[in-house]
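Handing you this structure, nothing more for now.
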Amino acid sequence: MQKLKQQVFEANMDLPHYGLVTFTWGNVSAIDRERGLVVIKPSGVAYETMKADDMVVVDMSGNVVEGEYRPSSDTATHLELYRRYPSLGGIVHTHSTHATAWAQAGLAIPALGTTHADYFFGDIPCTRGLSEEEVQGEYELNTGKVIIETLGDAEPLHTPGIVVYQHGPFAWGKDAHDAVHNAVVMEEVAKMAWIARSINPQLNHIDSFLMNKHFMRKHGPNAYYGQK
């Protein structure tokens, strides 16, 4: 697990590097599906002092199998998403400013241009709010459940992120670094959407044919963006 712990550590350290977290407001995890184990950031440990060996290994029930610290308080959310969506290899949660603003406003991040369409096929959805019973009960688990309720059976890698109402963004990818990449893009397109709608409040969504072109040339079966 040492290699995966190093990858998760590096991905977590990317969060302050890209300006996605303040203090300890974020976490990254990755899963080893063959072993059924997840590596995640320890709860409340400062990035300035954190080391790869500080990463915590848990099983799919959340039991700590390796590590001296308690795992992230959001571990149950990560595990619920891994259990539901086999294509996920890494998950990120942050409170990045612009994506969190959309979450607090209770609005999906609208697909307005090609930057968005290169990564997200359609709007980045916003979940419903959790009920008092859901919050007072298994809050983090129920956060995962409301994300799943919103995504349904859609392939999560086609829209690799969501904003949880009154909370903040979650992003995911094929591994930890890919998940962080998508979290960075989500924050940028959230900022772009806010600015664009401020300039033109009547702004419509990107044309569907243009969105399809940009997404499919990068992610479709005949994708031709980048190098082989």
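The backbone N, Cα and C atoms fix where each Cβ goes, and this holds for glycine too.
Here the structure is a predicted model, which means the values were calculated and not measured.
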According to Swiss-Prot, His93, His95, His167 bind Zn(2+); which of Asp74, Asp118, Asp153, Asp178 is also listed for that site?
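The one candidate that Swiss-Prot places in that Zn(2+) site: Asp74.
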In whole Å, note down how far the CA of His167 (Zn(2+) binding site) lies from the CA of Asn27 (substrate binding site).
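Cα to Cα, Asn27 (substrate binding site) and His167 (Zn(2+) binding site) are separated by 14 Å.
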Do you know offhand how many angstrom separate Asp74 (Zn(2+) binding site) and Ser43 (substrate binding site) by C-alpha?
9
Per the record, substrate is bound by Gly26, Asn27, Ser43, Gly44, Ser72, Ser73: how many Å separate the farthest pair of Cα atoms?
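It comes out at 10 Å between the most distant Cα atoms.
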Same chain only, sequence gap of 6 or more: which residues have a CB within under 8 Å of the CB of Asp118 (active site, proton donor/acceptor)?
Val185, His214, Phe215, Lys218
Which one is closest to His93 (Zn(2+) binding site) in space, judged by CA to CA distance, out of the recorded positions Gly26, Ser43, Ser72, Ser73, Tyr225?
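The answer is Gly26.
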